[in-house]
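As given in Swiss-Prot:
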- 1-40: topological domain 'Extracellular' (TOPO_DOM)
- 41-61: transmembrane segment (TRANSMEM)
- 62-69: topological domain 'Cytoplasmic' (TOPO_DOM)
- 70-90: transmembrane segment (TRANSMEM)
- 91-111: topological domain 'Extracellular' (TOPO_DOM)
- 109-188: disulfide bond (DISULFID)
- 112-132: transmembrane segment (TRANSMEM)
- 133-152: topological domain 'Cytoplasmic' (TOPO_DOM)
- 153-173: transmembrane segment (TRANSMEM)
- 174-202: topological domain 'Extracellular' (TOPO_DOM)
- 203-223: transmembrane segment (TRANSMEM)
- 224-313: topological domain 'Cytoplasmic' (TOPO_DOM)
- 258-302: region 'Disordered' (REGION)
- 314-334: transmembrane segment (TRANSMEM)
- 335-345: topological domain 'Extracellular' (TOPO_DOM)
- 346-366: transmembrane segment (TRANSMEM)
- 367-670: topological domain 'Cytoplasmic' (TOPO_DOM)
- 461-490: region 'Disordered' (REGION)
- 562-622: region 'Disordered' (REGION)
- 564-584: compositional bias 'Pro residues' (COMPBIAS)
- 636-670: region 'Disordered' (REGION)
- 646-660: compositional bias 'Polar residues' (COMPBIAS)
């Protein structure tokens, strides 16, 4: 036979290169070489910027205290997802553009799109979680503290990752669509399985459409609440401006005393605090020693709201950038299934990759605190690590929520939890009952030893450290805020803190311009010239100024303005240490001081003071009803005499145990 059939071994056994290479079809030449080169350069550039930016953001959020809050936990999760996308997905996509096809095998052709779509889903879900966090903080701030606790934050973040990757497991296993090489796009993507099923539509609805709708609904509600709040503020400002100047309360009078109750201002701020708060403006001491009259302000509220709104706008910008980067590739794949316009596909892929590196740029542009955090990391400035999210070192929940609002950087915040007084060994005990009984501790003007408020630092993260040079003075361990007793001393600055019961918390009950009365609240006399902080000195010399005293929940918080560059070196006010009791007898039998009940108020006084004899400190613990049981177990309560002054709705109890005196306010249940 002249005609012989030749069988080539290559027809039956393909070369080894074909086992690991998906060669594009002949009609795939629509992707020009210049277009692929441009795409490769942009992909590698985005990869470098994304890795550096997201890694820098994670380190900055973990290192810098002032950006550590609940939203930062979700931002860290978002940055980790983008970091994995840039480090694991973009290198292979860049090589795909360089080589013109996929040359990395079937296994990576399945894993890379699995990681790609998983990280995209995690990013959008984290943005949705941050938006919900903003929504709860602004519109339902009463629930914020109960929802965003440490363990719940971890559960939310874990749910984002598990849901995003769990939705793709059937596709990875080939049970519902499959990951494979798309010859039309020359990339690995989601393909139909042998039964013609694909998970693209379901993943698009569950991982993109639903989170976007949730985000849009939350922001619509946020903008509505903010708009209403701005309208109320404008009406309030118009009403305040219409009041004549001679009728507006001033922070000080000619004698230097603050009008009683003239500075109490209620505030229901839209923030992360779960309870209302009240603030008192203390007139700052000018360098000349004269007190400047100031109007009633609430700058703490303005700063907190402004910071919350700034973070909200930043998250909105992140969401809009994600939508802008993700929508083009979705539209192009639906409108151009046959890849008739290759340049549109290349540009849409570049926009998709850009979403992984644009978030750090938004942080730098829109948030001043993030810029400072980046500088701290880049220039290796010292910064301390904080405790885990949602937890502080012994701080109360109110203080923790206070920290989460991200208040101004130029203010130091100190919690005041105890009040001691040098009134002599008070004797006697009594209980006053009435509709709004009040305990007012008074001492005669002859007794010069002042009452004091011990400022207890609940956690190192709650007090801003001053960068000023420290004087050569050894201050006492705790900061001390001395309070001049209420009496005839005209140089004292009398502050009235009217309190009322509101969901088992002390809040303000409005203005009180009258003298102490059973309905006025708890009176505390504070001298503006006797406020002392270690390393700073006395405020009376013009070295610093306490501008605000605020109670949030169970804690009294002092807010201190930024200090001048060179404060004078002053010494700390010293008080004699309490001596041990000389006899086992009760103070009632050895001292002439008396405790009386007058007009619904408990008044502790002394008819014959002895200035020459050192008197022990008398500690008054002013706490909310939830802490009453603790002090009841520690102190000996006085027997409450019956009172005919009114119904027993509210009671003030003064009890003496040794040299300790405890004043407690009890309220009926709601």
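Glycine is no exception: its Cβ is also placed from the backbone N, Cα and C atoms.
Counting Cβ pairs closer than 8 Å and at least 6 residues apart in sequence, the transmembrane segment (41-61) and the transmembrane segment (153-173) reach fewer than three and form no contact. When averaged over the topological domain 'Extracellular' (1-40), pLDDT in the model lands at 56. Taking residue pairs at least 6 apart in sequence, the transmembrane segment (153-173) and the transmembrane segment (346-366) share fewer than three C-beta contacts under 8 angstroms.
Counted within 10 Å of its Cβ, the other Cβ atoms near residue 109 (disulfide bond) come to 20, all protein chains included. Here the transmembrane segment (314-334) touches the transmembrane segment (112-132). Their Cβ atoms form 3 or more pairs under 8 Å, with each pair 6 or more residues apart. Each residue of the topological domain 'Cytoplasmic' (133-152) gets a DSSP state, and the totals for helix, strand and coil are 17 helix, 0 strand, 3 coil.
For the topological domain 'Extracellular' (335-345), the DSSP-based tally of helix, strand and coil residues reads 5 helix, 0 strand, 6 coil. In the three-state DSSP classification, residue 188 (disulfide bond) falls within a strand. A helical conformation is recorded for residue 109 (disulfide bond) in the three-state DSSP classification.
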